[in-house]
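Trainee: Take a look at the following structure, please.
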Amino acid sequence: MNSVPSLPGQSVAAVVVAGGKGLRTGGPVPKQFVIWRGKPLLRHCVEALEAAGIAPIVVAIPAGWDEAATQALAGISMVRLVHGGATRQESVKAALEVLEGDAPARVLIHDAARPDLPGSVIERLLTALDKRTGAIPVLPVVDSMVRGSGDAMGETVAREDLYRVQTPQAFHYPAILAAHRAWQGEALAGDDAQVAMRAAHEIALVEGDEALRKVTFASDLEEQSMSVIPRTGMGFDVHRLVEGEELWLCGVNIPHGKGLSGHSDADVAIHALVDALLGAIAAGDIGDHFPPSDPQWKGASSDRFLAHAGTLVTEAGYRIANVDVTIICEAPKIGPHKAAMRETLARILGIDSALVSVKATTTERLGLTGRGEGIAAQAVATVVSG
(Lines of atoms letter the chains of each structure in order from A and count residues from 1; the text may use other names and numbers.)
(Lines give C-alpha, C1' and ligand atoms only; values in the text may rest on other atoms or scores of the structure.)
Protein backbone atom coordinates (compact mmCIF):
# COMPACT_ATOMS: atom_id res chain seq x y z
CA MET A 1 0.00 0.00 0.00
CA ASN A 2 1.30 3.43 -0.87
CA SER A 3 1.64 6.18 1.71
CA VAL A 4 -1.34 8.46 2.07
CA PRO A 5 -1.36 11.76 0.17
CA SER A 6 -0.55 14.74 2.38
CA LEU A 7 0.67 18.30 2.12
CA PRO A 8 3.74 19.55 3.99
CA GLY A 9 2.80 19.80 7.66
CA GLN A 10 -0.44 17.88 7.10
CA SER A 11 0.31 15.01 9.47
CA VAL A 12 -2.23 12.20 9.68
CA ALA A 13 -2.97 10.17 12.82
CA ALA A 14 -5.59 7.53 13.48
CA VAL A 15 -7.98 6.36 16.16
CA VAL A 16 -9.16 2.75 16.16
CA VAL A 17 -12.30 2.11 18.18
CA ALA A 18 -12.00 -1.25 19.92
CA GLY A 19 -13.51 -0.30 23.25
CA GLY A 20 -16.67 -2.38 23.13
CA LYS A 21 -17.23 -5.82 24.61
CA GLY A 22 -18.16 -7.10 21.15
CA LEU A 23 -19.77 -10.28 22.47
CA ARG A 24 -22.44 -10.62 19.77
CA THR A 25 -20.06 -12.90 17.87
CA GLY A 26 -21.00 -15.51 20.46
CA GLY A 27 -17.66 -16.14 22.18
CA PRO A 28 -16.15 -15.22 25.55
CA VAL A 29 -13.56 -12.92 23.95
CA PRO A 30 -14.44 -9.49 22.51
CA LYS A 31 -14.57 -9.79 18.74
CA GLN A 32 -11.66 -7.39 18.21
CA PHE A 33 -9.34 -10.02 19.72
CA VAL A 34 -10.81 -13.01 17.88
CA ILE A 35 -8.33 -14.70 15.52
CA TRP A 36 -9.45 -14.24 11.92
CA ARG A 37 -7.36 -15.13 8.87
CA GLY A 38 -4.50 -15.97 11.19
CA LYS A 39 -4.44 -12.71 13.17
CA PRO A 40 -6.57 -10.89 15.75
CA LEU A 41 -9.30 -8.87 14.05
CA LEU A 42 -7.89 -5.67 15.56
CA ARG A 43 -4.44 -6.26 14.12
CA HIS A 44 -5.71 -6.36 10.53
CA CYS A 45 -6.97 -2.77 10.49
CA VAL A 46 -4.06 -1.39 12.54
CA GLU A 47 -1.58 -2.98 10.12
CA ALA A 48 -3.48 -1.46 7.19
CA LEU A 49 -3.20 2.00 8.74
CA GLU A 50 0.48 1.47 9.52
CA ALA A 51 1.14 0.32 5.94
CA ALA A 52 -0.45 3.54 4.70
CA GLY A 53 2.12 5.55 6.64
CA ILE A 54 -0.32 6.80 9.28
CA ALA A 55 1.07 7.45 12.77
CA PRO A 56 0.54 7.57 15.62
CA ILE A 57 -2.38 5.16 15.98
CA VAL A 58 -4.39 5.32 19.21
CA VAL A 59 -6.49 2.25 20.00
CA ALA A 60 -9.38 2.54 22.45
CA ILE A 61 -9.78 -0.80 24.25
CA PRO A 62 -12.11 -2.10 26.97
CA ALA A 63 -10.79 -1.97 30.53
CA GLY A 64 -9.34 -5.28 31.64
CA TRP A 65 -8.15 -6.29 28.18
CA ASP A 66 -4.76 -4.56 28.18
CA GLU A 67 -2.75 -7.77 27.93
CA ALA A 68 -4.86 -9.11 25.06
CA ALA A 69 -4.49 -5.82 23.19
CA THR A 70 -0.74 -5.69 23.78
CA GLN A 71 -0.33 -9.23 22.45
CA ALA A 72 -2.61 -8.57 19.48
CA LEU A 73 -0.54 -5.55 18.43
CA ALA A 74 2.93 -6.82 19.36
CA GLY A 75 5.64 -5.51 17.06
CA ILE A 76 3.61 -2.64 15.60
CA SER A 77 5.31 0.67 16.28
CA MET A 78 3.63 4.00 17.04
CA VAL A 79 0.58 2.38 18.68
CA ARG A 80 -0.88 3.75 21.92
CA LEU A 81 -3.61 2.21 24.03
CA VAL A 82 -6.30 4.02 25.97
CA HIS A 83 -9.29 2.66 27.88
CA GLY A 84 -12.58 3.36 26.19
CA GLY A 85 -15.65 4.84 27.84
CA ALA A 86 -19.21 3.65 28.36
CA THR A 87 -20.19 4.71 24.83
CA ARG A 88 -18.48 4.81 21.48
CA GLN A 89 -18.42 8.60 21.58
CA GLU A 90 -16.67 8.58 24.95
CA SER A 91 -14.09 6.10 23.63
CA VAL A 92 -13.34 8.24 20.59
CA LYS A 93 -13.06 11.38 22.70
CA ALA A 94 -10.58 9.69 25.05
CA ALA A 95 -8.47 8.53 22.10
CA LEU A 96 -8.53 11.94 20.42
CA GLU A 97 -7.33 13.57 23.63
CA VAL A 98 -4.33 11.22 23.71
CA LEU A 99 -3.31 12.75 20.36
CA GLU A 100 -3.51 16.32 21.62
CA GLY A 101 0.21 16.55 22.31
CA ASP A 102 0.99 15.43 18.75
CA ALA A 103 -1.44 17.96 17.25
CA PRO A 104 -1.94 16.11 13.94
CA ALA A 105 -3.57 18.07 11.15
CA ARG A 106 -5.90 15.23 10.21
CA VAL A 107 -7.21 12.10 11.83
CA LEU A 108 -8.90 8.91 10.66
CA ILE A 109 -11.39 7.27 13.03
CA HIS A 110 -11.94 3.60 12.27
CA ASP A 111 -13.89 0.69 13.75
CA ALA A 112 -11.81 -2.36 14.68
CA ALA A 113 -14.72 -4.49 13.46
CA ARG A 114 -13.89 -3.56 9.86
CA PRO A 115 -10.65 -5.54 9.32
CA ASP A 116 -10.35 -5.10 5.54
CA LEU A 117 -9.23 -1.52 4.86
CA PRO A 118 -8.36 -0.70 1.22
CA GLY A 119 -5.75 2.01 0.81
CA SER A 120 -7.80 3.57 -1.98
CA VAL A 121 -10.52 4.51 0.51
CA ILE A 122 -7.98 6.24 2.75
CA GLU A 123 -6.69 8.22 -0.21
CA ARG A 124 -10.18 9.36 -1.23
CA LEU A 125 -11.01 10.45 2.32
CA LEU A 126 -7.88 12.52 2.81
CA THR A 127 -8.20 14.15 -0.60
CA ALA A 128 -11.76 15.19 0.31
CA LEU A 129 -10.45 16.97 3.42
CA ASP A 130 -8.87 19.58 1.17
CA LYS A 131 -12.37 21.04 0.74
CA ARG A 132 -14.40 19.87 3.76
CA THR A 133 -13.88 19.49 7.49
CA GLY A 134 -14.83 15.84 7.39
CA ALA A 135 -15.27 13.00 4.93
CA ILE A 136 -16.96 9.62 5.21
CA PRO A 137 -17.03 6.56 2.93
CA VAL A 138 -20.48 5.53 1.76
CA LEU A 139 -22.11 2.98 -0.52
CA PRO A 140 -25.48 3.27 -2.24
CA VAL A 141 -28.53 1.42 -0.94
CA VAL A 142 -29.53 -1.12 -3.57
CA ASP A 143 -32.55 -2.75 -1.90
CA SER A 144 -36.04 -1.28 -1.65
CA MET A 145 -36.64 0.55 1.63
CA VAL A 146 -39.81 0.70 3.72
CA ARG A 147 -40.81 1.91 7.15
CA GLY A 148 -42.41 -0.60 9.46
CA SER A 149 -44.43 -0.78 12.64
CA GLY A 150 -43.81 -4.11 14.31
CA ASP A 151 -44.48 -6.73 11.66
CA ALA A 152 -46.60 -4.39 9.50
CA MET A 153 -45.27 -2.62 6.44
CA GLY A 154 -45.53 1.16 6.37
CA GLU A 155 -44.67 3.71 3.70
CA THR A 156 -42.00 3.16 1.07
CA VAL A 157 -38.83 5.21 1.48
CA ALA A 158 -37.01 6.52 -1.58
CA ARG A 159 -33.55 4.97 -1.63
CA GLU A 160 -31.95 7.38 -4.10
CA ASP A 161 -30.78 9.73 -1.35
CA LEU A 162 -29.86 7.02 1.16
CA TYR A 163 -26.37 5.63 1.71
CA ARG A 164 -24.70 2.99 3.83
CA VAL A 165 -22.06 4.68 5.99
CA GLN A 166 -18.71 3.03 6.70
CA THR A 167 -15.46 3.81 8.48
CA PRO A 168 -12.77 5.07 8.58
CA GLN A 169 -14.09 8.61 8.76
CA ALA A 170 -11.64 11.46 8.24
CA PHE A 171 -11.58 14.89 9.89
CA HIS A 172 -9.48 17.93 10.55
CA TYR A 173 -8.18 16.98 13.98
CA PRO A 174 -8.81 20.24 15.89
CA ALA A 175 -12.39 20.38 14.61
CA ILE A 176 -13.39 16.84 15.51
CA LEU A 177 -11.70 17.06 18.93
CA ALA A 178 -13.66 20.23 19.72
CA ALA A 179 -16.87 18.65 18.42
CA HIS A 180 -16.48 15.62 20.69
CA ARG A 181 -15.75 17.83 23.68
CA ALA A 182 -18.87 19.87 22.94
CA TRP A 183 -21.10 16.81 22.55
CA GLN A 184 -23.65 16.81 25.34
CA GLY A 185 -24.71 13.21 25.05
CA GLU A 186 -28.38 14.02 24.64
CA ALA A 187 -28.46 11.13 22.19
CA LEU A 188 -26.08 8.31 21.47
CA ALA A 189 -23.80 9.26 18.60
CA GLY A 190 -24.00 6.65 15.87
CA ASP A 191 -20.70 7.76 14.41
CA ASP A 192 -18.26 10.65 14.37
CA ALA A 193 -19.84 12.32 11.36
CA GLN A 194 -22.97 12.84 13.48
CA VAL A 195 -20.85 14.53 16.16
CA ALA A 196 -19.21 16.76 13.54
CA MET A 197 -22.54 17.65 11.93
CA ARG A 198 -23.93 18.69 15.32
CA ALA A 199 -21.01 21.14 15.51
CA ALA A 200 -22.04 22.59 12.11
CA HIS A 201 -19.19 21.09 10.09
CA GLU A 202 -19.64 20.08 6.45
CA ILE A 203 -19.00 16.42 5.68
CA ALA A 204 -18.01 15.14 2.24
CA LEU A 205 -19.24 11.80 0.90
CA VAL A 206 -16.66 9.63 -0.88
CA GLU A 207 -16.96 6.22 -2.46
CA GLY A 208 -16.62 3.41 0.07
CA ASP A 209 -15.78 -0.22 -0.56
CA GLU A 210 -17.66 -3.48 -0.04
CA ALA A 211 -14.49 -4.84 1.57
CA LEU A 212 -15.17 -2.55 4.55
CA ARG A 213 -17.95 -4.80 5.72
CA LYS A 214 -18.47 -4.73 9.48
CA VAL A 215 -18.10 -7.88 11.56
CA THR A 216 -20.94 -8.00 14.09
CA PHE A 217 -22.07 -11.60 14.47
CA ALA A 218 -20.32 -14.98 14.39
CA SER A 219 -21.86 -15.59 10.97
CA ASP A 220 -20.06 -12.50 9.67
CA LEU A 221 -16.71 -14.02 10.59
CA GLU A 222 -17.67 -17.25 8.87
CA GLU A 223 -18.95 -15.55 5.72
CA GLN A 224 -15.86 -13.39 5.33
CA SER A 225 -13.61 -16.39 5.89
CA MET A 226 -15.49 -18.30 3.18
CA SER A 227 -14.45 -15.65 0.66
CA VAL A 228 -10.82 -16.60 1.22
CA ILE A 229 -9.44 -19.16 -1.24
CA PRO A 230 -6.67 -21.30 0.31
CA ARG A 231 -3.84 -22.94 -1.62
CA THR A 232 -1.27 -25.33 -0.21
CA GLY A 233 2.24 -26.27 -1.30
CA MET A 234 4.75 -28.87 -0.11
CA GLY A 235 8.53 -28.85 -0.12
CA PHE A 236 11.30 -31.33 0.67
CA ASP A 237 15.08 -31.06 0.69
CA VAL A 238 18.11 -32.92 1.98
CA HIS A 239 21.79 -31.98 2.28
CA ARG A 240 24.88 -33.90 3.30
CA LEU A 241 26.72 -33.12 6.54
CA VAL A 242 30.43 -32.39 6.05
CA GLU A 243 33.37 -31.15 8.07
CA GLY A 244 34.40 -27.51 7.84
CA GLU A 245 30.98 -25.96 7.13
CA GLU A 246 28.69 -23.89 9.35
CA LEU A 247 25.28 -25.35 10.10
CA TRP A 248 22.33 -23.10 9.29
CA LEU A 249 18.75 -24.22 9.90
CA CYS A 250 15.72 -21.93 9.54
CA GLY A 251 18.09 -18.98 9.28
CA VAL A 252 19.72 -19.74 12.64
CA ASN A 253 23.39 -20.66 13.05
CA ILE A 254 23.54 -23.90 15.08
CA PRO A 255 26.74 -24.88 16.91
CA HIS A 256 27.67 -28.36 15.63
CA GLY A 257 30.73 -30.30 14.59
CA LYS A 258 29.59 -30.41 10.98
CA GLY A 259 27.66 -28.26 8.54
CA LEU A 260 25.56 -28.87 5.46
CA SER A 261 27.12 -28.96 2.02
CA GLY A 262 25.43 -27.09 -0.80
CA HIS A 263 25.79 -24.33 -3.35
CA SER A 264 24.35 -21.66 -1.02
CA ASP A 265 24.55 -21.87 2.77
CA ALA A 266 22.62 -25.16 2.38
CA ASP A 267 19.89 -24.25 4.88
CA VAL A 268 17.83 -27.33 4.18
CA ALA A 269 14.82 -26.14 6.20
CA ILE A 270 14.53 -22.83 4.37
CA HIS A 271 15.00 -24.58 1.02
CA ALA A 272 12.07 -26.89 1.78
CA LEU A 273 9.95 -23.93 2.87
CA VAL A 274 10.80 -21.95 -0.27
CA ASP A 275 9.62 -24.87 -2.40
CA ALA A 276 6.42 -25.12 -0.35
CA LEU A 277 5.62 -21.43 -0.88
CA LEU A 278 6.44 -21.59 -4.58
CA GLY A 279 4.32 -24.71 -4.89
CA ALA A 280 1.36 -23.01 -3.22
CA ILE A 281 1.27 -20.39 -6.00
CA ALA A 282 2.41 -22.79 -8.76
CA ALA A 283 5.59 -20.77 -9.36
CA GLY A 284 8.07 -23.59 -9.96
CA ASP A 285 10.76 -24.59 -7.50
CA ILE A 286 13.84 -23.11 -5.87
CA GLY A 287 16.09 -24.32 -8.69
CA ASP A 288 14.06 -22.36 -11.24
CA HIS A 289 14.60 -19.10 -9.37
CA PHE A 290 18.09 -19.71 -7.94
CA PRO A 291 19.84 -22.25 -10.20
CA PRO A 292 22.92 -23.86 -8.58
CA SER A 293 24.73 -23.35 -11.88
CA ASP A 294 24.65 -19.58 -11.31
CA PRO A 295 27.82 -18.53 -9.43
CA GLN A 296 26.11 -15.54 -7.80
CA TRP A 297 24.30 -17.89 -5.42
CA LYS A 298 27.44 -19.70 -4.23
CA GLY A 299 27.55 -19.34 -0.45
CA ALA A 300 24.50 -17.05 -0.50
CA SER A 301 22.30 -16.75 2.57
CA SER A 302 19.09 -18.71 2.11
CA ASP A 303 17.28 -15.80 3.77
CA ARG A 304 17.31 -14.14 0.35
CA PHE A 305 15.58 -17.13 -1.25
CA LEU A 306 12.83 -17.13 1.38
CA ALA A 307 12.27 -13.37 1.19
CA HIS A 308 11.94 -13.66 -2.59
CA ALA A 309 9.39 -16.47 -2.27
CA GLY A 310 7.39 -14.36 0.18
CA THR A 311 7.40 -11.45 -2.25
CA LEU A 312 6.16 -13.70 -5.06
CA VAL A 313 3.28 -14.86 -2.86
CA THR A 314 2.24 -11.24 -2.30
CA GLU A 315 2.61 -10.31 -5.96
CA ALA A 316 0.40 -13.26 -6.90
CA GLY A 317 -2.40 -11.80 -4.76
CA TYR A 318 -2.03 -14.11 -1.78
CA ARG A 319 -0.86 -13.87 1.80
CA ILE A 320 0.69 -16.49 4.01
CA ALA A 321 -1.79 -18.14 6.38
CA ASN A 322 0.51 -20.76 7.89
CA VAL A 323 3.88 -22.44 7.35
CA ASP A 324 4.95 -25.70 8.98
CA VAL A 325 8.54 -26.98 8.82
CA THR A 326 9.76 -30.38 10.04
CA ILE A 327 13.51 -30.94 10.39
CA ILE A 328 14.63 -34.59 10.20
CA CYS A 329 17.94 -35.44 11.88
CA GLU A 330 19.59 -37.35 14.72
CA ALA A 331 21.73 -34.38 15.73
CA PRO A 332 21.91 -31.58 16.67
CA LYS A 333 18.99 -31.21 19.05
CA ILE A 334 16.49 -28.79 17.50
CA GLY A 335 14.37 -28.12 20.60
CA PRO A 336 16.59 -25.43 22.14
CA HIS A 337 16.52 -23.46 18.88
CA LYS A 338 12.84 -23.71 17.91
CA ALA A 339 11.80 -20.33 19.26
CA ALA A 340 14.64 -18.53 17.49
CA MET A 341 13.86 -20.40 14.28
CA ARG A 342 10.20 -19.41 14.36
CA GLU A 343 11.03 -15.77 15.02
CA THR A 344 13.64 -15.72 12.24
CA LEU A 345 11.33 -17.25 9.63
CA ALA A 346 8.54 -14.87 10.65
CA ARG A 347 10.86 -11.87 10.36
CA ILE A 348 12.09 -12.87 6.90
CA LEU A 349 8.54 -13.41 5.64
CA GLY A 350 7.08 -10.39 7.41
CA ILE A 351 4.40 -12.40 9.20
CA ASP A 352 3.43 -13.08 12.80
CA SER A 353 5.39 -15.89 14.47
CA ALA A 354 2.02 -17.40 15.43
CA LEU A 355 1.74 -18.42 11.77
CA VAL A 356 5.06 -20.32 11.84
CA SER A 357 5.56 -23.85 13.15
CA VAL A 358 8.94 -25.60 13.47
CA LYS A 359 9.13 -29.26 14.51
CA ALA A 360 11.80 -31.93 14.56
CA THR A 361 11.85 -35.70 14.31
CA THR A 362 14.26 -38.57 13.67
CA THR A 363 14.17 -41.66 11.46
CA GLU A 364 15.05 -43.93 14.41
CA ARG A 365 18.63 -44.20 13.10
CA LEU A 366 17.46 -45.46 9.71
CA GLY A 367 18.74 -44.10 6.41
CA LEU A 368 21.20 -41.28 5.75
CA THR A 369 19.71 -38.99 8.41
CA GLY A 370 19.67 -41.84 10.90
CA ARG A 371 23.34 -42.52 10.25
CA GLY A 372 24.14 -38.84 10.73
CA GLU A 373 25.20 -38.41 7.10
CA GLY A 374 22.78 -35.59 6.37
CA ILE A 375 19.77 -33.54 7.42
CA ALA A 376 16.42 -33.46 5.64
CA ALA A 377 13.45 -31.14 5.95
CA GLN A 378 9.91 -31.02 4.71
CA ALA A 379 7.54 -28.08 4.75
CA VAL A 380 3.91 -27.27 4.11
CA ALA A 381 2.74 -23.74 3.33
CA THR A 382 -0.81 -22.45 3.11
CA VAL A 383 -1.57 -19.16 1.39
CA VAL A 384 -4.94 -17.47 1.00
CA SER A 385 -6.36 -14.87 -1.33
CA GLY A 386 -7.75 -11.55 -0.23
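Including glycine, each Cβ sits where the backbone N, Cα and C put it.
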Trainee: For the 4-CDP-2-C-methyl-D-erythritol 2-phosphate site that Swiss-Prot lists with Asp237, Val238, His239, His263, Ser264, Asp285, Ile286, Gly287, Thr361, Thr362, Thr363, Glu364, give the additional residue from the candidates Arg231, Arg371.
Mentor: Arg371
Trainee: Far apart in sequence but close in space: which same-chain residues, 6 or more away, have a Cβ under 8 Å from His263 (site 'Transition state stabilizer')?
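Mentor: Sequence-distant Cβ neighbours: Pro292, Trp297, Lys298, Gly299.
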Trainee: Listing them in sequence order, which of the recorded positions Lys214, Ile286, Thr361, Thr362, Arg371 have their Cα within 10 Å of that of His239 (divalent metal cation binding site)?
Mentor: none
Trainee: Highest Cβ count within 10 Å among the recorded sites Lys31, Lys214: which residue is it?
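Mentor: Sorting the candidates by Cβ neighbours within 10 Å, the top entry is Lys31.
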Trainee: Nearest by CA distance to Ser264 (4-CDP-2-C-methyl-D-erythritol 2-phosphate binding site): which of the recorded sites is it, out of Lys31, Lys214, Thr362?
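Mentor: Answer for the nearest of the recorded sites: Thr362.
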Trainee: Compared by Cα position, which of the recorded positions His271, Thr362, Arg371 is the closest one to Lys31 (site 'Transition state stabilizer')?
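Mentor: Closest by Cα distance to Lys31 (site 'Transition state stabilizer') among the recorded positions His271, Thr362, Arg371: His271.
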Trainee: Of the recorded positions Arg159, Lys214, Asp237, His271, which sits closest to Thr361 (4-CDP-2-C-methyl-D-erythritol 2-phosphate binding site) by Cα distance?
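Mentor: For Thr361 (4-CDP-2-C-methyl-D-erythritol 2-phosphate binding site), the closest Cα among Arg159, Lys214, Asp237, His271 is found at Asp237.
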Trainee: Here's one to test understanding: among the recorded positions Arg159, Lys214, Thr362, Arg371, whose C-alpha is closest in space to the C-alpha of Asp237 (divalent metal cation binding site)?
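Mentor: Nearest candidate: Thr362.
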